[in-house]
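Notes follow the structure.
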């Protein structure tokens, strides 16, 4: 797959996927576990049928390496989705994850001994400023929108800090996973479809520990208002429809991101993968949905993103 096409699929998947994730999180902020489980299950079933050939095809990369990658991937996915339950607004969630640029560059320098051009360092600095301003303004919104009680406001702020910590941890873990995957591809060759399958199939037993929360939200989803699906005319609870659309739009996103991994540190392509983080476009989509705010402070981050994309070709 051509790099530009893969990045285009990531962009399209992100922009459509974020709408349904926002609709889910707005109604049930703690639904991250059931969303993650549904995404993993869908991709695992698809991969078992078409990539693993019903288990008859042997993996090109030894399972022990996938076990390490899966541990990191599962942790990143769960932590990112759970952060939405920690007073993290969707626009901030999207913008903050643009910090993957910074995490990738830092770990690339430390672990891979990479060096980048001055244009890329400047671009990363601009993105960092935008993220910092957005995060700072979000903190002010958290405290101002809390209860008039000083104690409640302080607790809300602490919960927000925990959410920022969770996103930071996920950023660093995701960057480390990308480096690990790159080394595997260099050693065993590129097997992106296989990696996509095992990264989603092997973690499924881990959801046993989240079964209670998943079941509780499934019950809540069943109680949501009914919705008639266009074209086919089937009536389902609307939350299940949102979840289905989130899962469907997530597939090309994850698939293309996995295919793009070999370019993540070469030729500046890792910078273009900021599309995956949707720092501006996805946040803008969230902002046009009712009851969702997009602070003007996001604009500096968008400017940084444009500089980063320009620097990628240099």
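A Cβ is built for glycine as well, from the same backbone N, Cα and C atoms used for every other residue.
Automatic prediction, not curation, is the source of TrEMBL annotations.
What TrEMBL records for this protein:
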TRANSMEM  32-51  transmembrane segment
TRANSMEM  63-83  transmembrane segment
TRANSMEM  95-112  transmembrane segment
TRANSMEM  119-138  transmembrane segment
TRANSMEM  158-175  transmembrane segment
TRANSMEM  196-215  transmembrane segment
TRANSMEM  227-248  transmembrane segment
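Nonlocal intrachain contacts for the transmembrane segment (32-51), taken as residues 6+ away from its ends with a CB within less than 8 angstroms of a stretch CB, comprise 21, 24-25, 57, 77-78, 80-85, 193-194, 196-198, 200-201, 203-204, 207, 210, 213-214, 217-218, 221, 243, 246-248, 250-251, 254-255. Using a cut-off of 8 Å between Cβ atoms, the transmembrane segment (158-175) and the transmembrane segment (95-112) share at least three residue pairs, counting only pairs 6 or more apart in sequence.
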